[in-house]
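Asker: To start, I am sharing the structure in question, which I have written as structure tokens.
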Amino acid sequence: MEPAAVILSGGPASVYAEDAPSMDPAIFDLGLPILGFCYGEQIMAATLGGSVAHTEKGEYGPATLTRHGESQLLEGTPSDEQTVWMSHRDAVDRLPEGFTLTASTETCPIAAYENPERRLFATQFHPEVNHTAYGQTMLSNFLFKICGLEPNWTMDNLIEAKVAEIREHIGSDKVILALSGGVDSAVTAALVHRAVGDQLTCVFVNHGMLRKGEPESVEQVFAHEFDIPLVHVHAEERYARLLAGVTDPEKKRRIIGREFWKVFFEEAQKLDGVKYLAQGTIYPDIIESGARKTGGKASTIKSHHNLIPFPEGVRFDLVEPLDHFFKDEVRALGSALGLPDSMVYRQPFPGPGLAIRIIGEITDEKLTTLKDADFIVREELDAYNQRLFEQTGKRNSEHACWQYFAVLPSIRSVGVMGDERTYGHTIILRAVESTDAMTADWAKLPYDVLSKISSRVVSEVEGINRVVYDITPKPPATIEWE
Ligand code: XMP
């Protein structure tokens, strides 16, 4: 394979566990530059004669890193303190011979170490996530200065390569795509359409748990503005029957995913001669769904809708042109393909939709309540983001919200409205800053924005007497509640 370098990524295992991924020590003697972070940092130490131990308390989220002396990897980052993102319970407690300690945090005395002569570098924190303030500088140091590579991953290069790849893959055959209205399937549709034109048909399964106004806008954009053949399937009642009484989050996801494919394939089989199925699977779906393309070593955090298998007897070949892209790259690709901003900057939305934002049983009444509250949240935070965009010229500027929505928990509380006691429902506001959904921090929204959302939700949405704000980063929480 002639690799130019090796990056040892993070992972959920403990290096000394029986089934933990291990490394042939000879890899470190190949003379290749190697960067290990998190699990990769620990396996490097354990393999080369250092050691790893459980820490008394874990370290999750932002941490303050202090540098010690010279470091090729950390060059160009502040020499005193900087913020890095941690997510670990184990840590290296003894360095292998020949290595120098280059940074620590209060909880983690060995947070970065290196052996520049052997071109081996390691960090306990995650340089690849956006919340590590100088992570990009560190990765640039590694790739361009230490390894001497060229930065040639540009959107124009990628579109050209992807279009050629899709044309070659699909030939003159027909392809279908399940459109959800979200960024991933929209960009996939635009890319596949650019490659094979009207050989593509989009199928939109409406399960009734989309946001207010969304089914209408999907039709408007794809059928009318983009002129792509679109089948809109109304499956709202079918879903309501299946989900009645179901409260377990994974069961909801399974039912919705399975039924989605049933409905989808019923439609697909009405179309003649379709050979391919294009999907908007992106890289975080694959990582977080664990087993499939990562070779079984990533831990299953949630079973993602995108990866539900085919039903028995149905065969389409998959086309997944975005499966190596992170969300921010998918947006850049969408813009470069000429998709409108409203679509490219549309928030990510989970396949199971509002079903996983209603904690407990889903009813028509709860769906209406959540749709109405969510509409207000989006209206206010769209306006807030627009104000920030006008001030900074940047879409994902500091403090802009990346994803925001309402959650309806299954609790009631006492309130007072118009001198009357109420016993109403609560709306949870979730708003996060992120670039790729792998990590996120809660958005530091101004009080007046929070206050307006709260007063509009309680006065405009029937049955709600309380609004609370979720102030947990990911990790340890996930962005969604189920
Ligand atoms: P979590 O909750 O895991 O979510 O932090 C990360 C991102 O993924 C979205 N999400 C999903 N997207 N199918 C999807 O296509 C799903 O089942 C699903 N669950 C979560 C979530 O909205 C966030 O942007």
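First residue shown is number 1, and so on along the chain.
Glycine is no exception: its Cβ is also placed from the backbone N, Cα and C atoms.
Checked TrEMBL, it gives:
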{"type": "ACT_SITE", "residues": "Cys38", "note": "active site, nucleophile"}
{"type": "ACT_SITE", "residues": "His126", "note": "active site"}
{"type": "ACT_SITE", "residues": "Glu128", "note": "active site"}
{"type": "DOMAIN", "residues": "153-346", "note": "domain 'GMPS ATP-PPase'"}
{"type": "BINDING", "residues": "Ser180, Gly181, Gly182, Val183, Asp184, Ser185, Ala186", "note": "ATP binding site"}
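How about a rundown of where these features are and what they're close to?
Answerer: Look at Cys38 (active site, nucleophile): DSSP puts it in coil.
Counting every protein chain shown, 21 other Cβ atoms lie within 10 Å of the Cβ of His126 (active site).
Within 10 Å of the Cβ of Glu128 (active site) there are 22 other Cβ atoms, across all protein chains. Glu128 (active site) carries neither a helix nor a strand DSSP state and counts as coil.
Within 10 Å of the C-beta of Gly181 (ATP binding site) there are 21 other C-beta atoms, taking all protein chains into account.
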Asker: Just the number: how many Å between the Cα atoms of Val183 (ATP binding site) and Glu128 (active site)?
Answerer: 22
Asker: Using a 10 Å radius around each Cβ and all protein chains in view, which of these recorded positions has the most neighbours: Cys38, Val183, Ala186?
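Answerer: It comes out as Ala186.
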Asker: Once Ser180, Gly181, Gly182, Val183, Asp184, Ser185, Ala186 are set aside, which residues in the chain still have Cβ within 8 Å of the Cβ centroid of the ATP site?
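Answerer: The answer, listed by sequence position, is Leu179, Val187, Thr188, Gly280, Arg346, Phe349.
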Asker: May I ask you to report the DSSP-based helix, strand or coil state of Gly182 (ATP binding site)?
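Answerer: DSSP assigns Gly182 (ATP binding site) to coil.
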